[in-house]
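Contents: one structure, followed by commentary.
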Amino acid sequence: MSDKGHHFKFCLVSLVCTVTVQRLTSIFLFSFVTSQTDDKSILTVHEEQPGKNEPSNEGVCTILEQDLGDSKNRKTFTVEEAVEAIGFGKFQWKLSMLTGVAWMADAMEMMLLSIATPQLRCEWRLSSWKVASITAMVFIGMMISSSLWGNISDKYGRKVCLILCMLWSLHYGFLSAFAPTYSWILVLRGLVGFGLGGAPQSVTLYTEFLPMKSRGISVILLGVFWGLGAVFEVLLAMLVMPTLGWKWLLAFSTLPLVVFAASCCWLPESARFDVLRGREDKALDTLKCIAAANGSSVPKGRLIANTQTDRGRIKDLFIPEYRRTTLLVWFIWFCNAFSYYGIVLLTTELFQAGSACSATDNSNMEPRCSLECNYLTFHDYVDLLWTTLAEFPGILVTLWMIDRIGRRKSMAVCFLLFSVSILPLYACTQRTLLTVFIFIARACITGGWQVAYVYTPEVFPTATRAIGIGTGSGMARVGALITPFIAQVLLKSSIYLTLSVYLICCLLGTVASWFLPMETTGRSLQESTQSTMEQKNIERPQGSETTESSSSRSSKYI
């Protein structure tokens, strides 16, 4: 078929996909706007004031009885206490499956980069710089969008953010399979990356429904879906690539996104977010549904709600209490992504190099990796599968450590073990030993990154939790953006220099983890950026509220 035929086919498929996604998005947004209108009308009724038109705190401090009785002697409870009382059960298992599918889709799209690029290098006769640029475009899109999705999540809801970013990724991920030229694949993969920048918000939503005792283990186990996605991508490539080629692999890799799109209607909004936004009735309804699903009950009494209107602001991450934590968390995310994607890309590059990488000249020259245009063989896929399976031991080791030695020490240990495990690669060992040490290194960095996903939503309050994860993810994409030019370009010139970059990066990550100022093990989730002020508002007796017109935070009772 001619180039004109390919372009016509691509434009036709693009038009059909665009119309389909626009219809789905418009239906979702219509339902969302309708619910927002209903909420505003309810709040307007609550804000009606008797007598004078002067502003008063009575308009924002309302009491809606959960059942009959004397309100003066009634007990109160917070969302945190309700989540603890309801416990972990059937609802959390269902939520872990749905958010896990989103995590699995993200892993497959990332693993796809190291599998498809060798064939693209040969099919389109691409230089190392052009191959690295395909990977870089994905991470540029993720880097640009991560903070944006975090802001949307904090302002408009975790559910809204997650559904929109997954539909976006599905649309452009499927279109990538029909890319006719190198320039199109660059643009489309960049747009896929833009959508995937919101995938970490699934952790935000999941964390806010978890009781304290099971939070660390549950978020770590969510990483199992990442490992399953990576393994499934390798197995899929073993079946598809030799016969159908990279385009079919890109198309089949969107299957988890299709499953998520078909199931996302069940996805609940975070009760913590609803409370912080002033939608207390919805928060209470959500908690009752969770309790019914888990076979438990909501605590008796009134639900205390602390609202905050100035949510999702990056500047709140730099208030004195969080400035040092924010900078260190950003650097830890950078090191994790730089090292993780570096070892993923190094795996295929070193396997392709074969014996050329282990051959040492008698002169004082260091060994070089002479990477030519070679398709991945069946043995390459098998070894790639073995190194991908390292995700699971890394998760198991992290499960054992995270509650015993704490979040900070767990991240420090993982970074340190990664540094130690890549030291033998300086010797350009044989294929078997190479696979073993890459397996260990990938297990360590996987575990460390999973701990970062536990620590970050725990250390930031609900008002800035999504933007905290979003900006951290954005810094991770900066590391992921740089790493292809180290693992795919610099490697061609010097093995020693390439390994040294990753070694130094993870040693610095060890130091940063050790000096984090706050340990979050056994610590409840904070709701706003000024927990002390909110706690005072909670303890203040009913009817003694003082007017604070300059404050955007208020205490509510349901």
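Every residue gets a Cβ built from N, Cα and C, even glycine.
For 526-535, the entry in TrEMBL reads compositional bias 'Polar residues'.
What TrEMBL records for 544-558 is compositional bias 'Low complexity'.
Residues or ranges marked as domain 'Major facilitator superfamily (MFS) profile' by TrEMBL: 95-521.
The region 'Disordered' annotation in TrEMBL covers 526-558.
For 12-33 (among others), the entry in TrEMBL reads transmembrane segment.
Under the heading transmembrane segment, TrEMBL lists 128-148 (among others). If one looks beyond the transmembrane segment (128-148) by at least 6 residues along the same chain, the residues whose Cβ comes under 8 Å of a Cβ in the stretch are 109-110, 113, 117, 120-121, 165, 182, 185-187, 189-198, 200, 314, 341, 345, 371, 467, 470-471, 473-474, 476-478, 480-481, 484-485, 488-489, 492.
Taken from TrEMBL, the feature transmembrane segment covers 160-178 (among others).
Annotation comment: TrEMBL describes 184-207 (among others) as transmembrane segment.
Annotation source TrEMBL lists transmembrane segment at 219-240 (among others).
Residues or ranges marked as transmembrane segment in TrEMBL: 246-267 (among others).
Remote same-chain residues near the transmembrane segment (327-346) are listed as 110-111, 113-114, 135, 139, 411, 415, 418, 422, 438, 441-442, 445-446, 448-449, 452, 455-456, 459, 468, 471-473, 475-480, 482-484, 486-488, 491, 498, 502, 505-506, 508-509, 512-513, 515-517 (criterion: CB distance under 8 Å, separation of at least six residues from the stretch ends). Residues or ranges marked as transmembrane segment by TrEMBL: 327-346 (among others).
Under the heading transmembrane segment, TrEMBL lists 384-402 (among others).
The transmembrane segment annotation in TrEMBL covers 409-427 (among others). If one looks beyond the transmembrane segment (409-427) by at least 6 residues along the same chain, the residues whose Cβ comes under 8 Å of a Cβ in the stretch are 332, 335, 339, 343, 394, 398, 401-402, 433-434, 437-438, 440-441, 444-445, 447-448, 451-452, 455, 495-496, 499, 502-503, 506-507, 509-510, 513-514.
Per TrEMBL, the feature transmembrane segment maps to 433-455 (among others).
TrEMBL lists 467-487 (among others) with the feature transmembrane segment. When Cβ-Cβ distances below 8 Å are used as the criterion, the transmembrane segment (467-487) is approached by residues 131-133, 135-136, 139-140, 142-144, 146-151, 153-154, 193, 197-198, 200-201, 203-204, 312-314, 316-317, 326, 329-331, 333-339, 341-342, 345-346, 349, 452, 456-457, 459-460, 498, 501-502 of the same chain, each at least six residues removed from its ends.
Residues annotated as transmembrane segment in TrEMBL: 493-516 (among others).
Of the ranges 384-402, 433-455, 493-516, the one with the most Cβ pairs under 8 Å to the transmembrane segment (219-240) is 384-402. Nonlocal intrachain contacts for the transmembrane segment (493-516), taken as residues 6+ away from its ends with a CB within less than 8 angstroms of a stretch CB, comprise 325, 328-329, 331-332, 335-336, 338-339, 342-343, 346, 357, 366-369, 408-409, 411-412, 415-416, 418-419, 422-423, 425-426, 428, 445, 448, 455, 486-487.
The average pLDDT for the domain 'Major facilitator superfamily (MFS) profile' (95-521) in the predicted structure is 84.
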